[in-house]
Structures are given as C-alpha cells and as structure tokens.
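Novice: From Swiss-Prot, for reference:
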{"type": "ACT_SITE", "residues": "Ser113", "note": "active site, schiff-base intermediate with substrate"}
{"type": "MOD_RES", "residues": "Ser113", "note": "pyruvic acid (Ser)"}
{"type": "ACT_SITE", "residues": "His118", "note": "active site, proton acceptor"}
{"type": "ACT_SITE", "residues": "Cys141", "note": "active site, proton donor"}
Amino acid sequence: MSEKLKLHGFNNLTKSLSFNIYDICYAQSEKHRQEYIAYIDEQYNAERLTQILTDVVEIIGAHILNVSRQDYDPHGASVTMLIAEHEVPPPADSSEESPGPLPDAVVAHLDKSHVTVHTYPESHPDNGISTFRADIDVSTCGLISPLKALNYLIHSFDSDIVTIDYRVRGFTRDIDGAKLYIDHDINSIQNFLSEDTQEAYQMIDVNVYQENLFHTKMILKEFNLDNYLFGTGVSELNANEASNIRERLQKEMLEIFYSRNMPY
C-alpha cells in the first residue's frame, strides 16, 4: 500500500486514536498533595489543552470547525473540537439572522472527525501518591491520519505511562468497486513513534490484525526518584524513606501499566 490508492468517491474509513496518559508523583504531606492537584489543574487547564489540541489539528492537516471547553470544580478540564479534512467556508446565509443549528446537527458531525481531551487529577487518601490522567481521542474520517499526532501528544504531557489504542473502521472502495478496510500499512503503533520515544519507554503490543485493532502500552524505562517527588527532594529523605517511597511509586506505576493490583 505504499503507492497512493485510487478511490471511488470519498474515503469513508474512520481512524480512531485513543490515549490514556498518566503522570505519577509522591507528595509527602496533605499540603503538598493539594499543591500538586492545584499545579496540575493550572498546568493543564482548558486554555492550555485547547492550545495542545489546536497544534494536533494542525499537525494532522485538519481544520477546526468548532471548539467547546470547560474547567471543572474542584478540578479537571475538558476540550472538544469538531474538525474537517478540508476548510469549510461559511454558509451563504451565515450573515442572515436565523436560528442556529440544532444540537443533533453538531453531534452528528462529532461521530465523524473530532479531537477530545479530558483530565482526571487524583490522590491516594493516605499513602502520598498522586496521579494525573489525561484521556485523549483523535478520530478522523477521510485521508487524514491521527497517527501523525502520536509523538507530539506523548511529549506534550509528563507521560510516565501511556496506553494507546488505534483502530480503523468502515470501508472505502477502489475505482473497480472492491472494498478496502484499511488504506495504509501498519503492524504496530510503535512503527509511528520517534526513535527517542522508543528508546525512553518499555513497550508491549497486543494487536488484532484481522480486526484492524492495535494496542500499545508504554512505561518509562528510567526511574529517577527526584523526578517523582513534589514539594520535597531526595536529599531531604533518609535512606529508608527514599527506598520505601521508591518501592511504592514503582508498584503504583506497574499496577497502572498492567491494569491490575499487585500484592504488597
């Protein structure tokens, strides 16, 4: 499939890329935990997320039709963008006074091409570990590939653990009428990751090729305790404290990576 396919009519394939990105930290006191949540809330507020998604849309070569964003109380934010493969000119009657589109009309387009992000800061009630999760979905219809946004999104967040799902649905036809269920070569999401990303992460694939379903899990190879402490540093901890915190953080990260709780 290295050559460009000649299609009959519009490319009806829907390509969906989903991320779950986790940032883990240890905040020793309740005050530090609250400060971490506040920091994350500010660092990834709706305005910042809107800029990240705007960059994503530009990277994949799409055009923004509509933006909806919201910061939540006590914490968290979300942004949704409707996008199109080609720039959509305003309708001829856009300057006339008339009722706007019904919600159904907007949601109908959401089923085709959209970019969304939702954030979920949280903390353990008594062991000092706090996590931040960002869920990102990039769904496109047509020739646009969401895979182009892979590396940018991973590097836009403090990504300790990343879970990625990519699927292609629907079919399009070539000029002879034969159905095509995928229009590009892929055997792993890892093929689309930059070399520095591949070197930084340990990765596991679970792929169902016959269903055009690809799944990759990533966890940072290097563990530097100082990078995971919020409000304190390794120099302020004795050897036993540092060892205990390191063990708890690594256990937390492995549990999230494998999606299962582990015995103490």
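Note: Cβ is positioned from N, Cα and C throughout, glycine not excepted.
A description of the local structural setting of each listed feature is requested, covering burial, neighbours and distances.
Specialist: Within its own chain, Ser113 (active site, schiff-base intermediate with substrate) has Ala62, Leu82, Ile83, Ala84, Glu85, Ser139, Thr140, Cys141, Gly142, Ile144 as residues 6 or more apart in sequence whose C-beta sits under 8 angstroms from its own. In the three-state DSSP classification, Ser113 (active site, schiff-base intermediate with substrate) falls within coil.
On its own chain, His118 (active site, proton acceptor) has Gly76, Ala77, Ser78, Ala134, Asp135 as residues at least 6 apart in sequence with a Cβ closer than 8 Å to its own Cβ.
DSSP assigns Cys141 (active site, proton donor) to a strand. With a 10 A radius on its CB, Cys141 (active site, proton donor) counts 22 other CB atoms from all the protein chains.
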